[in-house]
Structure formats: structure tokens, C-alpha cells
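Pulled from Swiss-Prot:
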| type | residues | note |
| --- | --- | --- |
| DOMAIN | 75-246 | domain 'FAD-binding PCMH-type' |
| CARBOHYD | N163 | N-linked glycosylation site |
| CARBOHYD | N208 | N-linked glycosylation site |
| CARBOHYD | N346 | N-linked glycosylation site |
| MOD_RES | H112 | pros-8alpha-FAD histidine |
| SIGNAL | 1-19 | signal peptide |
Amino acid sequence: MRQSSTLTWTSVLLAPLAASKGLIADYASCQSACVSLSSQLSVESVGNYIAEFEQQPIAGAGVEAGSLYWSQQQQALRPACLVHAREAQDVALVVQTSRSTGCPFAVRGGGHSDIPGFSNSHGGITVNMAGLGDVKVDASAGVARIGAGAKWGAVFKELDKTNKTVVGGRLTGVGVGGLLLGGGLSHLSGLHGLACDNVRNYEIVLANGSIFDVSHSTHPDLYRALRGGGNNFGVVTRFDLDLYDQGPMWGGLHVWPLLPSVTSAITSAFAEFGHEAPSDKHVSLFAGLGFMQGNFAWAVGQYDTLGREEPPIFSKFRDDAETYGAPKLVKTARVTSLSDLAEELNLSEPAGMRSRFTTATFRMDVDLLQLMAGYFVEEVERALENGLREDKRFAPMLGIQPLTKNILRAQSKRGGNVMGLDEESGPLIVCSFGWEWFRETDDAVVIAGIKSVLEKSVAAAKEKGLYHPFKYMNYAAEDQDPIASYGAENVEFLKKVRHTYDSDGLFMKLVPGGHKI
């Protein structure tokens with residue numbers, strides 16, 4: 001009775017706020033849903049989210065040490081109740097309760113999306129999957145069974161003990177579920193493709209509350225749809241991933257100051273790598289032009305899964321004062337574990353900030369990369385002049401990552417994914433325009449700056465015949481439609497699969513977060 005009273009109080013307190021924002025169609029349905037859940041799950045499984053939220057620090061060194069959600073925009077939302085799922089049956093009960101009451105819900109895996117409502121429900125039910133975070137290694141079967149509530153840091157720490165790994169994320173604080181359902185760029189993608197292409201089996205809760213194991217052999221249509229189709233078909237509670245041998249890796253960050261000579265050298269080396277990468281599948285690379293603590297700088301991440309220091313394919317990124325015109329400011333490259341490399345990258349994205357990402361894809365071209373760098377600097381300087389100079393935590397970034405032919409070729413395994421890319425499309429540049437700031441009052445300035453960089457870059461690419469319609473789901477903004485970018489044939493396939501497994505459209509209507517079909 002006490003727990004039910006607490007949940008009722010939370011819903012009543014929330015009702016005026018939710019109604020004013022138009023985010024709840026019927027708050028009474030969610031009050032009913034929360035009371036019903038509290039009577040069927042243990043007291044520990046349903047929490048007073050407002051009380052729990054107040055106990056969380058707003059800003060920390062990273063997601064693990066800070067808030068429930070990585071971005072302020074998600075953390076600010078208030079669900080009617082928070083369900084702490086411990087097993088797939090708990091998730092099934094939430095789905096059934098949502099269906100019977102009409103109360104919307106959201107699923108929090110790692111909580112790393114910056115888009116409000118993607119993994120937190122304002123006025124509805126939020127399912128916290130952290131209790132479904134087990135990592136079980138079956139070396140004899142060549143598979144790692146990973147709960148959907150795990151984060152990649154915990155996954156890699158467990159796998160490091162076995163000298164095995166999986167194709168997964170690159171930051172410790174990113175959740176397993178979101179990354180795998182949206183694609184997943186990895187240090188191992190050159191060898192094995194995107195992370196989603198290395199899922200052997202999904203345990204999923206469907207719209208009717210049933211729990212199924214889905215693989216290429218059991219449900220080939222749903223299996224393919226889940227490889228890039230997002231959260232449109234059910235709630236995945238476990239991912240069974242292909243297991244690979246992995247010893248110590250070489251890798252780290254290389255940082256230069258922003259100079260015309262540095263921009264020229266890095267963009268040229270990046271484009272050359274994009275074309276040459278198929279000759280060495282054991283390496284991976286990304287680059288970014290950023291602004292932090294008053295300075296612009298280029299950062300390049302270089303990685304080798306064999307542990308080779310400075311492999312030849314990275315020769316153009318070595319210190320060369322004549323080419324770069326400046327020495328490196330930072331070099332962290334070393335031979336270490338995959339979990340250590342993931343922790344290093346996680347430190348670059350502290351929790352508790354406001355954040356916005358958007359994305360675009362272009363064909364590999366040096367001149368376009370240099371134009372984009374110019375657009376980025378121009379818009380950041382404009383934002384600084386319009387109040388962001390006062391925000392010492394303002395950290396915009398233009399990120400570029402190669403989708404090489406070998407990565408694209410590996411997508412075809414087990415029937416392929418739904419993203420509409422093939423080897424002949426490459427090499428491509430996947431861009432992430434990701435800006436972080438602290439004050440809500442600066443939202444308009446920041447969003448205008450991001451939009452301008454994106455629009456100018458797209459316009460330049462189209463003029464040069466370098467534009468590609470693909471939008472990578474894991475970097476896409478709320479107002480972008482990555483699924484439409486997969487092409488008409490794949491969209492029709494996804495609609496058919498959705499109708500087969502969710503004919504009433506529960507995951508379209510009652511799970512408003514996520515990119516929809």
C-alpha cells in the first residue's frame with residue numbers, strides 16, 4: 001500500500017506539468033499503470049523516480065559517476081514511475097500493462113541519447129534496464145550473451161579477462177542496446193563490419209508480451225529488421241554476439257592545434273586512409289575538429305587490433321613538422337586493453353551537459369572536408385560572440401569517420417542489414433555534428449550553429465556530386481529520418497515486418513521515442 005501511495009503521489013504531482021506541455025494524452029492511464037505494476041512487481045522493482053532523480057549529481061566525470069542520463073535534456077524528464085527490470089518477464093509485464101492502460105513507455109539502456117524522450121518517458125513509464133546487464137561468455141559456442149542494460153565498459157572489462165572480445169562500442173558509458181539497434185561503429189569494424197552485423201541472436205519482448213529468441217534461422221525477417229531498424233519491433237532484452245580472439249591493442253589520441261597546414265595534412269591523410277583501409281583490416285580511425293577551453297584543435301584516434309605500434313597505414317599521421325607546421329600537442333597512443341581505450345574516449349564526453357547531435361554522409365573528398373572545417377570554425381566563432389564564450393564547458397565537435405569498402409562488405413553476413421549500403425557505395429564519410437553546452441538559455445544559438453554547419457556542408461556536397469542520402473541512426477537528430485535514408489525497398493520491408501510482429505502498432509503509438517518507420 002505504501003508503494004502504491006507513493007506512485008499515486010508522483011503521478012498527481014506530475015499531472016499539471018505534463019498537461020501543460022501536452023506530453024500525456026491521459027495521465028490517469030499512467031497512474032493506473034503504475035499502481036498495477038506496483039502490485040505485481042516487488043517493491044524494489046518500482047521506484048519513485050523524482051526522489052531517485054534528486055539524489056543524482058547533475059554533472060560528473062562521466063555517465064558511470066554521474067546522472068542516470070548522459071544529457072540534461074533527457075535527465076530533466078519525469079516519468080510517472082520507474083520500473084527496474086531484472087528479467088525479460090518484467091519487461092513483458094510493462095509492455096502488457098502499457099497495452100491495457102494506454103500509458104506510453106520508454107526503455108533506458110545506457111541513457112546516452114541526447115534526444116528527449118528516446119529513453120525516458122515524461123509522464124509515462126520508464127523501464128530501467130540496468131538490472132539486465134549480465135555478461136556471459138561461452139567460449140565453446142563462440143558467443144557472448146549480453147544483457148540489454150549493460151554498458152560497453154562493463155562488457156569489455158569482463159571480456160578482457162578472457163582474451164576475447166565482441167564488435168561493440170568505443171565509449172564505456174554508451175549502452176549496449178541503443179548502439180546495436182542503430183548500427184554500431186567499432187574498432188573492429190574493419191574486420192567484422194558494424195556491431196549490429198555481429199549479433200547472432202536477440203532475446204526480444206514483442207508487442208503482445210511474448211518473449212522470443214530471434215536469429216537468422218528462426219525469424220529471418222525480424223532478425224534482419226533489428227539490424228539497424230531501431231526500437232520499432234519490440235524490446236530487446238539480450239544480445240548474443242559473435243566472440244573473437246583479442247589480445248592487447250595499440251591505440252590512442254593524437255592532437256594538433258588548428259592551423260591551415262594541420263587541416264590540410266589531416267584531411268589529406270584521412271581521405272587517403274579511407275581508400276587504402278581495405279589493405280589492412282586490423283586498423284580503425286576517426287578524426288574530429290573541436291573547440292574546448294578556448295582553443296580549436298584537431299584530434300585523430302588511431303587503433304590497431306593486433307597491437308602493432310604505428311602501423312604503416314598511419315604513416316601520414318606521424319609527426320612531420322614540415323607537413324603539419326606544428327608538433328602534436330598530445331599523444332596518448334600505447335599498447336593496452338580495449339576497456340582502457342574505451343575509458344579514455346569516455347572522458348571526452350562528460351555527463352550532465354546539454355547536447356545535440358546531427359549527421360550527414362558524403363563521399364570521400366579532401367576539398368569537401370576542408371570546406372566543412374571552415375564552416376565549423378565560422379559557426380563556432382559566431383556562437384562564441386553570441387554568449388557561448390561565457391560557458392567554459394562549451395565543447396562543439398565536427399566528427400568524421402570513414403565507412404570503408406571492407407566495413408561495407410562485411411554487412412552482408414547472415415542476410416545483411418537494412419541500411420541500404422553496399423561495398424560499391426564506399427568509401428564514405430559519416431559525419432557527426434555534436435555540440436555540448438551547459439545553459440538552456442543558449443539552446444537557440446547552439447542549434448542554429450549546428451544547423452548552419454550541416455546545411456552548408458550538405459549544399460557543398462551536393463554541388464560537388466558528393467552527397468550520399470544515408471543518415472547513421474546513432475548520430476541522427478530528432479528532426480532527421482534515418483530509416484527513410486535506407487531506401488524505399490528497405491522501408492517497405494520494415495513496414496511489412498512491423499505489421500507481422502506488431503499489427504496494432506504498439507511500438508509506434510506507445511513508445512514515442514526513437515526514430516520511427
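The backbone N, Cα and C atoms fix where each Cβ goes, and this holds for glycine too.
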Of the recorded positions listed as H112, N208, N346, the one whose CA lies nearest the CA of N163 (N-linked glycosylation site): N346
Euclidean distance between Cα atoms of N208 (N-linked glycosylation site) and N346 (N-linked glycosylation site), Å: 37
Cα distance (Å, whole number) from N208 (N-linked glycosylation site) to H112 (pros-8alpha-FAD histidine): 28
Residue among the glycosylation sites N163, N208, N346 whose Cβ has the most other Cβ atoms within 10 Å: N346
N346 (N-linked glycosylation site) - helix vs strand vs coil (DSSP): helix
H112 (pros-8alpha-FAD histidine) CB neighbourhood, other CB atoms within 10 A: 26
Within the predicted model, mean pLDDT of the domain 'FAD-binding PCMH-type' (75-246): 97
